[in-house]
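As written in Swiss-Prot, here are the features:
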- Gly34, His35, Ser36, Gly37, Ala38, Gly39, Lys40, Ser41: ATP binding site (BINDING)
- 2-237: domain 'ABC transporter' (DOMAIN)
Amino acid sequence: MIEIKNVSKYFSGNKVLKDVDLKIKGGEIFGIVGHSGAGKSTLLRCINGLETYDEGNVIVFGKDLKQINGKNLREFRKEVGMIFQNFNLLNRKDVYHNISLPLEVWGVPKNEIASRVKELLELVDLTDKIHSKPSNLSGGQKQRVAIARALALNPKILLCDEATSALDPNTTKSILNLLRTINSKLGITIVIVTHQMEVVKGICERVALIDAGVIKETGDVENLFLNPSSEMKKLIGQSDDDVLPKEGINIRVIFPKNSSEGALITSMARELNVDFSIVWGKLERFRDDVLGSLVINISEENKEVICNYLVSHNAIWEVA
């Protein structure tokens, strides 16, 4: 669906995207995370041609964006919707006419516009706000209008640029649920740029970490958060050094979905008759699953027998 090959971009002589490689599958919800200024929004805008790039290729729907221009670029952008942090609604127009605007630009007949706007308002659960002005809407309602407008032309891809950054946690959750519904019902590919880790955990299937214009790693959300690299730890502000004991050996056991590592730990203590301490643990929700990990502290003399036990039971673990 979307393939980015060795893409680089310069601003005023500075290389803001550096040899970026990414593949985003059709129908998935994909996250791009990083600190402010990391290059994530610039990368997102390269996907729909709002930003040009200097090197490499961005291939969408099998077409290289560098080879698309004029009328063909306009047709291409019809297939890619986008929502923003600040909603970008027209304050002088009511909800109906904000949503209908792209349809009007494309010359869709009025009766078809009315039908499509009604359908979209039902999808985003705002039928009672059809004649309201943006000034009379909450932040969450404004974003729902923006989502409806972005979907007006039946795009195959929806790009979300910090779409929940201006919203409170409860409203953010409702918007994420809406996006998941849209993904499920319409099969639309969603690419989300965010610095909010809870957004990634709540909706994304896979995620790429970008820092200073470089893709540091890409993978399943669960794996990147439950067994984070040093780069991911830096992003989420996690440091084991302040938590884990300096004496003994610390072993982290990962709890993926549909696992029984919790029972494994108690069985290990009983069967091996060894002492250890549980020094750190957490449970987190990823989409519909609750996953977690814990760290046990063991003595040097018990290291071999405990590690052999974990290996023999196919546990997911590492020395922390």
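Just so you know, glycine gets a Cβ as well, placed from its N, Cα and C.
Per-site Cβ counts within 10 Å over the binding-site residues Ser36, Ser41 peak at Ser41. Other than the site residues Gly34, His35, Ser36, Gly37, Ala38, Gly39, Lys40, Ser41, same-chain residues with C-beta atoms no more than 8 angstroms from the centre of those residues' C-beta atoms, the ATP site, are His195, Ile210, Asp211. When the neighbouring Cβ atoms lying within 10 Å are counted for each of the binding-site residues (His35, Lys40), the highest count belongs to Lys40. Shown in sequence order, Val16, Leu17, Ile210, Ala212, Gly213 are the residues of the chain, 6+ apart in sequence, with a C-beta less than 8 angstroms from the C-beta of Gly39 (ATP binding site). When Cβ neighbours within 10 Å are tallied across all protein chains shown, the highest count among the binding-site residues Gly34, Gly37 belongs to Gly34.
Packing around Ala38 (ATP binding site) is summarised by its Cβ count: 22 other Cβ atoms lie within 10 angstroms of its Cβ, all protein chains included. Summed and averaged per residue, pLDDT over the domain 'ABC transporter' (2-237) gives 93.
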